[in-house]
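Listed features, source TrEMBL:
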type: COMPBIAS; residues: 231-254; note: compositional bias 'Basic and acidic residues'
type: COMPBIAS; residues: 375-387; note: compositional bias 'Low complexity'
type: DOMAIN; residues: 48-176; note: domain 'TFIID subunit TAF5 NTD2'
type: REGION; residues: 231-277; note: region 'Disordered'
type: REGION; residues: 368-390; note: region 'Disordered'
type: REPEAT; residues: 332-366; note: repeat 'WD'
type: REPEAT; residues: 402-434; note: repeat 'WD'
type: REPEAT; residues: 444-485; note: repeat 'WD'
type: REPEAT; residues: 486-527; note: repeat 'WD'
type: REPEAT; residues: 528-569; note: repeat 'WD'
type: REPEAT; residues: 570-611; note: repeat 'WD'
Amino acid sequence: MEDEEMEKKVQQYLQRKGFRLTELALQEERNRLSTSAISDVTLARSDNDPGRYHDGYGRLRTWAYSSLDQYKHELLRVLYPVFIHCFMDLVAGGHMQEARSFFHTFREDHEVMHSRDLKKLEGVLSPSHLEEMELARSLLQNKFKIKLCEYSYELLLQYLQKTQALVVLGVINEHITFEVSPGQPSLISDDADVVALIGTSKDLAKQINQKEVHWGLLEDAVEERMEKALAESDKIEAENKDASAEENKKRSAEGGKQGASLNKKSKKDKLVGATGKNVKTETSMVSVAPRVKPELTLPTTPVEVEQSILEDLRNRAQLNSLALPSVSFYTFLNTHNGLNCSSISHDGSLVVGGFSDSSVKVWDMSKIGQPAKPSSSQGENGSSQGERMSTLDEGKKPYTLFQGHSGPVYSAAFSPFGDFLLSSSSDSTIRLWSTKLNANLVCYKGHNYPVWDVQFSPVGHYFASASHDRTARIWSMDKIQPLRIMAGHLSDVDCVQWHVNCNYIATGSSDKTVRLWDVQSGECIRMFIGHRSMVLSLAMSPDGRYMASGDEDGTIMLWDLSTGRCVSPLLGHSSCVWTLAFSCEGALLASGSADCTVKLWDVASSTKALKTEETKGSTASRLRLLKALPTKSTPVYSLRFSRRNLLFASGALSLSSL
């Protein structure tokens, strides 16, 4: 009697909470337990039969693919989590032969969307491998979020009740959470984020994205001061030209043709002056961005550096959809697949490569192809490199070799002014090098696993790192321990990028999410969900409002930091997007990929159209592809816009692509 009352209470609880699948499973189990003892023995025997996983998934797959087209794409979303957990259940039960057969029979269904996960799971050969694998632990600890319309959900319930598929029902109850929406099924084009393993409830993600983000620029930033000074000098210069032109006009009023020519000249000067002012106004879209106070103590900028920035701003090219940038491409030859990463200094004068043999090599572009100078001579960056930097004709190496790491080097980055270089390695360390002294200054130890990425802050001194240990860390050059540790990703943190105001960093991960962190508190304040594969590259717009992220599948997403929503997905690359860069005024976005192309996207006009469409309540259009720049056979490793808006790119010639 007590058992019956308990069952009624459990059933009432399940009905009240809306756990319809669990209630259904309970009813099915009760019906089976009410059968004869012979049936119980048969059932027990079938529970130990590994073939029931193959049959259960096979029937579900056949049913989903034969559903009405209107609902098919929603019902097919259930297949991947059921496939994954059926395979892992077989492995955990020790049925390795059946598990391999099941895996190879049905893997083609998921090859396009989940190839990376399948490659990892393909290496599982025993239950111990499953326990050690990070991906498997993540899949077991977290549920898949799947969106279904109400009718699709009812169809699934009816199928499970009719077929009494206990194996599939158990997997769905334990590992899938459904988000049921009223009305018609979602569009197939909106399918980009329907199956996202986020490791937390959607309510929590929404709660995180409601936190305040101050996305503007720093108060009294160096470039802002320089632009004001430049605008004032241009104004004075234009006034002087106008005054001298007026005097010449009066003096030559009686000079006939001479006066006419001078008049034309004065008009031309006025036109140039007006055009120059207009260019500065358009270029400085950062002027409309709000100003925020720095949360970190920022270093002072040397006077000579400010003068260099002023000169660059004075000669900056105005880019837009009609005026595309000039591109300078640095190609590494004969690397024999040993080059893992490359980076370019802000002025393009230095190029660094990180190699699998644990070496870091720096090329000075001004010295390539020139005769070697005596050792006392100073390089472009003030470094005495005469003995070590020479031409190939003399049998000497055309680069400076930095040695210190004990494992492959996965990332390298120059400081904003090119005087320092950071490198990270599989040996779990980060090293700081001086390009002036050609020496290793510090070895930073804090991560416990390989460090995939390291990036200097926009003002130097501080830097951020991303690691296989699922954390990102904030460091300062003068301390050997990290200042902050950002923990929360479910898998490797593959890339990191600073916000332009230095108050935030963004991280991209193999868990297919991008997160924004507050540098001062170490708290996650934004979670961006939508990528279908690991996130490999990040870039921040110059005004600090937008962020671009690129993934392993070749998809680029543009995010609005203030709302946490995707502005526009960019589809054009056919392989991994390894690098992204915004132009200095934010009008263009450049992307570099393993498909051996650089693509230029129109950001300015698209974001303006977006704001108009947002006010009207319509959906945003995708960014326009302006141009695709193919290389002969060189995957693009890194991109950088100089302060003058010249686009630098680098990559290693790949003979396998020829």
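From the backbone N, Cα and C atoms, a Cβ is placed for every residue, glycine too.
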Under an 8 Å Cβ to Cβ limit, what residues of the same chain, 6 or more beyond the ends of the repeat 'WD' (402-434), are close to it?
302, 305, 340-347, 349-350, 352-362, 381-382, 440-445, 447-456, 458-460, 463, 465, 467, 475, 477
PLDDT averaged over every residue in the repeat 'WD' (528-569):
91
Under DSSP, the repeat 'WD' (528-569) has how many residues in helix, strand and coil?
0 helix, 25 strand, 17 coil
Counting each residue once, how many in the repeat 'WD' (570-611) are helix, strand and coil under DSSP?
8 helix, 20 strand, 14 coil
